[in-house]
């Protein structure tokens, strides 16, 4: 293993954060030596051309995958690269990235072997639950209905319930698909259909683009294969705000 990289996982898990901080110092020293211009000054404004909407999966590094420098890619990541039209987080990122920073390409990026897509596929294949509950296949613990929203804002939600609700639109979409029996082939289809679903969601924001963007915005759908490093263009690009 390269001596510049920490050894993961450390023998003592309590030291994990300390090892990350030490690795950061080594990385800064190395980058300063070999690429002094890598770190932008604090006065330098970011001018990203691309808003990357991707998955939280730790095996994906958008800057590496696109050979981009700091300031080139504005990023929003979440479980299974979702873009929900009622998600204030995603909408805020779009408003700032497109409206303020002037990004003119929004890329929905799914990836092979996506855990979120896999969970949606499993949930879609489960028998219809009794009203009000969904059975958790991992432990038999009942969950709330997929579309349940807590009414007590003071009570913390169970993260498992939140995840199930988050994936509900994708689960509904998967139920409409005719999928092959082969698990890997089915998952590949779900990953691509998920990207198409999110691209379609973004096309419903044309009025925002016309009002707020600095020009036309191209919405793309890609799939990343982290085992090869290649990005696949699904050829579903839509142009928003081409005429005002």
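Including glycine, each Cβ sits where the backbone N, Cα and C put it.
Note: TrEMBL annotation is automatic and uncurated.
According to TrEMBL, the feature Zn(2+) binding site maps to 55, 57, 111, 114. Around the Cβ of residue 55 (Zn(2+) binding site), the same chain contributes 77, 78, 79, 80, 81, 109, 110, 111, 114, 116, each under 8 angstroms and 6 or more positions distant in sequence.
Sequence annotations record features per position, and here TrEMBL assigns region 'Disordered' to 123-161.
Per TrEMBL, compositional bias 'Basic and acidic residues' is recorded for 123-139 (among others).
Per TrEMBL, the feature compositional bias 'Basic and acidic residues' maps to 149-160 (among others).
Under a cutoff of 8 A between CB atoms, and with a sequence separation of 6+ in the same chain, the neighbours of residue 57 (Zn(2+) binding site) are 111, 114, 115, 226.
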